């Protein structure tokens, strides 16, 4: 099967992301098994990068 319109129609059945148990954001990928926001399921440590300081400062989040 190709990668066109027909396969894309199957993406509406199950959600790609569900609510994360650790951070509470809707960023836990069901297929991959880890959270895109905090890294839960991939590592025990919280996902953090130096380039995301501005975003965290705006939302009053600390490490």
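Along the chain as shown, residues are numbered 1 onward.
Backbone N, Cα and C atoms are what each Cβ position is placed from, and that goes for glycine too.
Taken verbatim from Swiss-Prot:
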- 20-38: zinc finger (ZN_FING)
- 20, 23, 35, 38: Zn(2+) binding site (BINDING)
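With a cut-off of 8 Å between Cβ atoms, the residues of this chain six or more beyond the zinc finger (20-38) that come close are 14, 46-47. In sequence order, 21, 22, 24, 25, 27, 28, 36, 37, 39, 40, 47 are the same-chain residues whose CB sits within 8 A of the CB centroid of 20, 23, 35, 38, the residues recorded for Zn(2+) being left out. Non-local neighbourhood of residue 23 (Zn(2+) binding site): 35, 37, 38, 40, each in the same chain, at least six residues away, with C-beta under 8 Å from its C-beta. Residue counts for the zinc finger (20-38) by DSSP state, with H, G and I taken as helix and E and B as strand, are 0 helix, 4 strand, 15 coil. A simple way to gauge crowding: the CB of residue 35 (Zn(2+) binding site) has 25 other CB atoms within 10 angstroms, across all the protein chains here.
In sequence order, 26, 27, 28, 35, 37, 38, 40 are the residues near residue 20 (Zn(2+) binding site), counting only same-chain partners six or more apart with C-beta under 8 A. Counting every protein chain shown, the Cβ of residue 38 (Zn(2+) binding site) has 21 other Cβ atoms within 10 Å.
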